[in-house]
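Per Swiss-Prot, the feature domain 'Core-binding (CB)' maps to 13-104. Summarising the annotation, Swiss-Prot assigns domain 'Tyr recombinase' to 125-309 and lists sequence analysis as the type of evidence. The feature active site is assigned by Swiss-Prot to ARG168, LYS193, HIS261, ARG264, HIS287. The active site, O-(3'-phospho-DNA)-tyrosine intermediate annotation in Swiss-Prot covers TYR296 and rests on sequence analysis.
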Amino acid sequence: MATNSEFLIPARADLAAAREEWLKSLKTMRRLSDNTLIAYERDTRQFLQFLTGHLGEPPSLKEIGNLRIADLRSFLANRRNDGAGARTLGRGLAGVRSLLRHLEKRGLVNAAGASAMRAPRQPKSLPKPLTADDARRVVSADGQMAEEPWIAARNAAVLTLLYGCGLRISEALGLSGDALSDPSARSMTITGKGSKTRLVPLLPAVHKAVAQYRALCPFDLSAGQPLFRGAKGGPLHAAIIQREMQKLRAGLGLPDSATPHALRHSFATHLLGRGGDLRTIQELLGHASLSTTQVYTGVDTQRLLEVYDKTHPRA
């Protein structure tokens with residue numbers, strides 16, 4: 001019997017079923033984040049749509065086995081013409097390569113040449129943190145733009161967690177209702193990307209912001225319920241916080257780079273600027289590789305040179 005995926009994606013039944021099996025294996029065996037799974041599903045769907053036009057018919061496992069590097073290059077060129085940047089192209093190719101490797105391991109195709117293609121080189125861009133003063137203004141409860149007091153307190157609490165603990169926005173919004181309920185707690189355990197856990201210290205300012213939100217929130221914040229709620233009581237979505245950050249940018253005169261994630265960058269950069277070591281910051285951020293954390297040394301050096309140029313008498 002035909003499955004939904006056979007109708008929803010432009011592929012023959014054998015390839016559609018194999019792709020569905022691959023997506024399930026990513027979730028259960030590799031435990032990738034929901035965002036990565038969504039991206040891989042979307043990227044491989046776009047790839048199959050491209051192949052349908054490229055080949056003149058929906059591809060099957062046979063066509064996948066006959067793929068050449070030139071076909072993948074054509075796919076990337078097509079995406080680039082649609083406005084995709086190097087980072088998007090790299091992620092898209094990563095999803096396609098992961099699917100091809102899965103099919104090879106299952107003995108369904110032999111696409112070793114195509115699966116070995118390297119991603120486009122991405123230009124290295126430094127994170128853009130806020131200044132310490134701007135970060136404090138953003139997380140201040142008094143500076144929030146929401147009219148309802150409990151929503152203003154909620155926004156301040158979320159933003160304080162991003163800056164005060166270095167959380168990803170998905171990690172903050174994934175907290176349970178009983179999180180940070182003990183005002184004497186010095187730390188909490190966060191489950192991040194790849195289901196990896198890490199210990200995050202809790203500052204008094206973080207406890208204070210969450211406590212103010214708890215006191216004003218009209219919804220049940222017990223264990224098993226989400227800590228942060230939308231206006232109607234459902235789980236709070238990241239888009240709401242991103243929209244509030246847009247209002248703060250306009251109200252406080254901040255640059256477009258002042259996003260919720262920039263608060264996490266600010267957490268790392270300000271720690272490094274005050275003498276924090278890279279290994280500790282790596283653990284606090286939940287980075288799997290130290291090389292990911294090392295980008296913040298470039299930010300700190302850049303700031304040091306800016307201060308030097310402005311203040312040194314011989315500059």
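Glycine is no exception: its Cβ is also placed from the backbone N, Cα and C atoms.
By neighbour count, meaning other C-beta atoms within 10 Å, the densest spot among the active-site residues LYS193, ARG264 is ARG264. Taking CA atoms as the reference points, HIS261 (active site) and ARG168 (active site) are 7 Å apart. Summary for the active-site residues ARG168, HIS261: the Cβ-based neighbour count within 10 Å is maximal at ARG168.
Cα spacing between ARG168 (active site) and ARG264 (active site): 7 Å, rounded to the nearest whole number. In the three-state DSSP scheme, ARG168 (active site) falls into the coil class. Secondary structure at ARG264 (active site), taken from DSSP and collapsed to helix, strand or coil, is helix.
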